[in-house]
């Protein structure tokens with residue numbers, strides 16, 4: 001009777017899984033050994049324990065995602081489950097927005113707070129990059145990738161298609177988006193290589209690297225996610241409208257990353273160069 005009521009709730013009955021517990025234990029393991037690593041002496045094995053935790057976390061997450069894809073392919077993801085995915089992703093993006101907001105707040109306080117006290121920002125000796133060079137090119141690349149991923153999303157939302165031009169458009173749009181993401185990361189790495197300052201150069205260097213670095217990490221995650229969606233599109237996994245929820249969440253994530261970059265470009269690159 002209990003199983004029957006659970007089925008009527010709109011959620012499928014799935015076998016018990018240890019993956020949530022494994023992911024939680026990996027997070028605790030990584031946090032514990034990361035603290036030990038920060039307080040350890042040179043030659044300690046703490047960094048290897050952190051690396052082990054990261055590798056096992058990646059393995060567990062990969063296995064979990066494979067399970068979710070298989071459940072979707074078997075039709076086990078009802079509308080209630082899909083709605084839960086969307087609500088969870090929306091809350092995750094909201095938490096990420098708060099995460100980046102703290103960095104923007106720190107940069108704004110250092111920028112406008114220090115100048116209001118007759119202090120110089122950026123600090124003397126730091127030459128800011130021109131916002132009209134590589135940063136402007138990266139902005140154009142991310143805006144273009146936003147257009148291509150929207151093009152792919154429209155193809156995915158089309159009515160029934162099976163290896164028609166719509167499926168090719170979907171795969172092409174995702175492929176171009178992944179390529180643009182890789183180009184963005186390459187230009188960002190090139191910019192880091194030739195920067196005239198480092199993370200140790202005061203509050204400006206710390207804020208710059210932590211903001212752009214975390215954004216770059218999010219671009220890596222979004223690009224890998226969309227690359228997986230591109231492979232799935234080529235295999236015909238998104239031939240039904242209700243089966244592309246994974247790609248839809250990846251597109252939400254990518255648009256969020258694009259918005260964060262536009263704010264970064266205005267706050268860090270343009271504002272920093274103006275003050276300089």
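Note: Cβ is positioned from N, Cα and C throughout, glycine not excepted.
Look at TrEMBL and you will find 7-273 tagged as domain 'Heme-copper oxidase subunit III family profile'.
Positions annotated as transmembrane segment by TrEMBL: 12-35 (among others).
According to TrEMBL, the feature transmembrane segment maps to 47-69 (among others).
Here TrEMBL flags 90-112 (among others) as transmembrane segment.
What TrEMBL lists as transmembrane segment is 132-152 (among others). With a threshold of 8 Å between CB atoms, the same-chain residues lying at least 6 positions outside the transmembrane segment (132-152) that come near it are 169-170, 172-174, 176-177, 180-181, 183-184, 187-188, 190-191, 226, 233, 247, 251, 254-255, 257-258, 261-262, 265, 269.
Residues or ranges marked as transmembrane segment by TrEMBL: 172-190 (among others).
Under the heading transmembrane segment, TrEMBL lists 202-235 (among others).
Through the fold, the transmembrane segment (256-275) approaches residues 93, 96-97, 100, 104, 107-108, 111, 115, 121-122, 128-131, 135-136, 138-139, 142-143, 145-146, 204, 207-208, 211-212, 215, 218-219, 222 of its own chain, all at least 6 residues removed from its boundaries and within a Cβ separation under 8 Å. Here TrEMBL flags 256-275 (among others) as transmembrane segment.
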Inset, instruction - Could you give the residue numbers and ranges of same-chain residues that sit at least 6 residues beyond the transmembrane segment (47-69) on either side and whose C-beta is under 8 angstroms from one of its C-beta atoms? - result: 17, 19, 22-23, 26-27, 29-30, 33-34, 36-37, 77, 228, 232, 237, 246
